[in-house]
Amino acid sequence: MQRSPLEKASVVSKLFFSWTRPILKKGYRQRLELSDIYHISSSDSADNLSEKLEREWDRELASKKNPKLINALRRCFFWRFMFYGIILYLGEVTKAVQPLLLGRIIASYDPDNKVERSIAIYLGIGLCLLFIVRTLLLHPAIFGLHHIGMQMRIAMFSLIYKKTLKLSSRVLDKISIGQLVSLLSNNLNKFDEGLALAHFVWIAPLQVTLLMGLLWELLQAFTFCGLAFLVVLAFLQAGLGKMMMKYRDQRAGKINERLVITSEIIENIQSVKAYCWEEAMEKIIENLRQTELKLTRKAAYVRYLNSSAFFFSGFFVVFLSVLPYALLKGIILRKIFTTISFCIVLRMAVTRQFPWAVQTWYDSLGAINKIQDFLQKQEYKTLEYNLTTTDVVMENVTAYWEEGFSKLFEKAKENNNNRKISNGDNNLFFSNLLLGAPVLKDISFKIERGQLMAVAGSTGAGKTSLLMMIMGELEPSEGKIKHSGRISFCSQYSWIMPGTIKDNIIFGVSYDEYRYRSVIKACQLEEDISKFAEKDNIVLGEGGITLSGGQRARISLARAVYKDADLYLLDSPFGYLDVLTEKEIFESCVCKLMANKTRILVTSKMEHLKQADKILILHEGSIYFYGTFSELQNQRPDFSSKLMGCDTFDQFTAERRNSIITETLRRFSLEGDTSVSWNETKKPSFKQTGEFGEKRKNSILNSINSKRKFSVAQKTSLQMNGIEETSDEPLERKLSLVPHSEPGEGILPRSNAVNSGPTFLGGRRQSVLNLMTCSSVNQGQSIHRKTATSTRKMSLAPQASLAEIDIYSRRLSQDTGLEISEEINEEDLRDCFFDDVENIPAVTTWNTYLRYITVHKSLMFVLIWCLVVFLAEVAASLVVLCLFPKILFQDKGNSTKSANNSYAVIITSTSSYYIFYIYVGVADTLLALGLFRGLPLVHTLITVSKTLHHKMLQSVLQAPMSTLNTLKTGGILNRFSKDIAVLDDLLPLTIFDFVQLLLIVIGAVVVVSVLQPYIFLATVPVIAAFILLRAYFLHTSQQLKQLESEGRSPIFTHLVTSLKGLWTLRAFGRQPYFETLFHKALNLHTANWFLYLSTLRWFQMRIEMIFVIFFIAVTFISILTTGEGEGRVGIILTLAMNIMGTLQWAVNSSIDVDSLMRSVSRVFKFIDMPTEDGKPNNSFRPSKDSQLSKVMIIENQHVKKDDIWPSGGQMTVKDLTAKYIDGGNAILENISFSISPGQRVGLLGRTGSGKSTLLLAFLRLLNTKGEIQIDGVSWDSITLQQWRKAFGVIPQKVFIFSGTFRKNLDPYGQWSDQEIWKVADEVGLRSVIEQFPGKLDFVLVDGGCVLSHGHKQLMCLARSVLSKAKILLLDEPSAHLDPITYQIIRRTLKQAFADCTVILSEHRIEAMLECQRFLVIEENKVRQYDSIQRMLSEKSLFRQAISPADRLKLLPQRNSSRQKSRSNIAALKEETEEEVQETKL
């Protein structure tokens, strides 16, 4: 950034905004970059403004019981606000004085008033000076008010952000991210844009009073006729506005539904393509779009009539004021023209300025009250710590996630008793809600310094809540907690802040090379970092999108380990790691590097429990066991079933198993929701073996019993707006649907329907607490890999054993939150936060306009029709101008003039001009009303928007993943939200206003030129100056606006990033650092916005200066050349005064049109994306039948094999190479292998080795080379749809879109209810679906928020069964599954896919044991592909990954594989207690 010229600018330069000339010149000649923008002044700095307002707000909180934020704002900004308001009032007063001088000039041409004729020239000079004074007063005042509004917004932005970092977790659980974004975008933008109008709430009444007094002198009591009409018109416009808002509110719901579905499709585009659902998704969105457009048209018609009413009101107010007076008393031309000028000013004050001012105050006060309520919410309370304490002690602690639960519990219980909803077991009813019970009950333990305590338990047992209570996030209601307070924390869901890898690990702590390298080595990050060209200085944006899930997890762990603390809280840090990496990190990092530190590790792995000093097992919030591992084996031999949350599944009967499935899944389904967190109450049930059978959990479905959603605090569903854990698309990409700018978006669009946050059916929004608990879900494999040669980097860490060193032996210097932030400049912020820079011209090209016009044939005809109507109106005006004087006043000498004439209108030789002016008013009214062209134009433009949306949707759905991988999800969503909103709402009426204003100006110029040809000579250079000035300004303004839009994205992205890592921020005490970073983002946006406001005011001032010159020329030409024509002078000057506002309005509208057309350019850019090649090749022929329709039928054993393809599922892969993006590095190279029909193949490899990539390559979702054949048919010889239908897919990223169960299972409607129920029963979903009202017709929203991750995996499994595919691809199907669902999936795979080829990528050892062959991927290549017995007999990755006990389990399979000629799936023996222990939860 550069130093601002404003600092050294003179008073004159500031007054005329001349200091912006350098940036305007540079923007016209070249493309502006962020470095070209000027630094802001200290008075606009977010630090200073926030400190100022925070000081006044604290003063307000301390001095009053009912603090008011508006009082704090008043003390900060009131006097400057009033100063500019007075200047604005003086500028508006000049408008009221101008008609007086106009009347005097007209009167000077009265033949009976020879005296004033001599001073006409001085009156003309006075009139011109009034315009000059108005220009010099108005623009600085408006700019000053915009500046104050900007400062108020900045101060409140900062205040809200600081408050957000202090909010308690209980409050965050009740606030949606959409509400926070809306608070920062929708509400606070009102200060920027509306503060200049706020003063008109008192200026407009004063101005109306002054004007009515002046009009009284001319028309006496008849003045109130015109005022009454304006008041009625104002109420009419208010009614039309209310009607328009009703349509918009109705449409907002439809827009929201469309955007929710669109967002889900974009986030899950890989799944959509894998399922071949493009056409089904397109049909769903187009149906919603059709309903939306009906309401859009209604709102546009009403808004069009409202806009037209303002234009034609000018004629009627003059007519109603002048006509009664003229009929009774007669009138002279001076009064007519003076009245016209007064009425124009009066119309603006009554119908525009005052209503807008009232609306501004209403919106602003509403926003202030919302912010005030937010600032008074409960804050996070830091626990009292004793720094000298070395142990961690918890004594009889009980805690609730929610306060005041008793009333809610009783109410819900009463409602539930009335409903008596069955859960599938006739002996049980959901009579208890998950309310009232504490999340932790009577917890006591003690950990000595240097000990490792492992915390285990079933899902929802309270493990994460225990850590939150130690950190102070969960306040205990009973008991005591003692520790030193020096805590380090690693979240279960890895959180990456914007910045480099090094910044993420150091995290504001002083840098120490020795410690840093040791941590890097212990966390197995050396090899990963060496692959990046920038090493650990690579900038990570959007939550670490360029990293795999395992890499993010290790960076989060390294951050926790690097900090020197007394207590380390590690919440399931190994969830995304492969078995070997997990084992190495646990031994080298947790056990050796941190050997002298106190550690609490949440885990369920038996190896971890064996090495822990203490073990704490939680069950339903209570301590099930506390002690050592040997004590655990002696005292609790049944502990493994408690870890699982169930007894041996196979021991139950089918009926009892189904009941357990229902109850367990229902328990997990509640964990996916995001409102208030409760633990579960239990009720005795039927008898069954084991302790688990003694009690069963009962619950009420959220969607049935209450509009308010209840959830437990420990979430395993990991849901954020319905998007599940993934290795494909990161969660942040959806959340950059912020106002981009945008969604997300970024992240969210600027339209009101989106900025408020997606509101799903039932009014449910995603809470901030849930956002925090799934901060890195969906962040899986990298899609933008910048890897160098994969040579392992030499370790810089000490070569001694990690057990022999102590990296914490010396205390580093005092941690500082400013150390890193001072090094972060604007370019770093751009790399971390900004969306990709749009590659579109600074000014909309003519090609874009031409292409837009030709999108729909009817638009061209409508534009031609508009031109024909205008030419007819101009021709009629010229005819009237020529014929009226001849027809009405053939005898000029017979005309007389007297003040006491009995005629209503004094007949003079100049009265013909008065009649002509009335006709011009009527013509302009017809032009404004536009009944024969306005409505068709608006209607057609909306139709064009419909066509563009349809084409863009088709283009996105048909685009290859290699193209979509280069785009950010928020950017794609912005096209369907913000840009389509522009095409629907703003562009049609803006084009209409511009065309209308342009024709009015042209008509007025023609009339004036005909009356006085010399004026035409002055008009030509003025119009040329306008065009040149517009072109000069437009290049810079559009670039500044784009930079401002880009600068808005970091603000909202940083807010979301901070919320997702809030627990980590508090644990590390990095709030000041993040506040500083937020202020830098605010300052960056302020620099762009302030410069845009300044250049805009420069342009507006030059426009008025050019007009002042034009008006001076018109005035003196009229006075010096008109002669005795009193009417001629009046009409020329009156039209000239009207041209000023209209022409300036037209120029501004043209700029708005150009700005809005940039949305059209972006839409065209998406429409022009390449498409996937779906054309069949003639080389493909079915073996038995040549009909292509039969090839499209994908069946399995239920249809004769002679009629279908594929028939067996044999796969042959030859030299397969795969890339994610064009020109990127190959993720897989020269992969070759073959799979026999019905064989089960397991994929092995470290995290990020390319296992998921191989599955995507099978589906042709990547840039691939080579060949794959299925049953002898090559993928190049059939269409993509045919190829992908050969596969059944269970992706790692589960896709549940907003719709019914039936639509989610069968979007094309191919299967009957009987078939769907059969499959649902087969996969264990029947009892779950039957719980919901409507059953298959129950509408799932928010990505299936009432379903657990296990439910959703079963939905995917049901889809695969329905597809009857012969090849099944499974990508981490057991990730984050509860044990019951995992058992169901395994059994369904054995039964429904017994004869199918199965390719499995899995981290669970027991799942991999069922495979006959294994494919080992390492360094982008196949390292080994062999049978189980060969893999176990050799030194291989598979042998290293499994324990000796697991190898023994494989003996039956090894023997059976030797005896069988075919590699069919071996029958699995029943689960044993030992297998259960190894299950990873």
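Using the three backbone atoms N, Cα and C, a Cβ is placed for every residue, glycine included.
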Per Swiss-Prot, the N-linked glycosylation site among Asn48, Asn386, Asn894 is Asn894
Of Asn679, Asn900, Asn1455, the residue that Swiss-Prot annotates as N-linked glycosylation site is Asn900
Does Swiss-Prot give Arg334 and Tyr1220 the same topological domain, putting them on the same side of the membrane?
-> no
**OP:** Decide whether the stretches the transmembrane segment (1131-1151) and the transmembrane segment (340-358) have at least 3 CB pairs under 8 angstroms, with pairs required to be 6 or more apart in sequence.
**Re:** yes
Quick tally over 78-98, 223-243, 340-358, 1014-1034 of CB pairs under 8 Å to the transmembrane segment (196-216) gives the top stretch as 340-358
Spatial neighbours of the transmembrane segment (223-243) not adjacent in sequence (6+ beyond its ends, CB under 8 Å) are 208, 212, 215-216, 302-303, 305-306, 309-310, 313, 316-318, 320-321, 324, 343, 346-347, 350-351, 354-355
Outside the topological domain 'Extracellular' (217-222), at least 6 residues beyond either end, the same-chain residues with a Cβ under 8 Å of its Cβ set are 321-322, 324-325, 335, 338-339, 342
Averaged over the topological domain 'Extracellular' (217-222), the pLDDT of the predicted model comes to 82
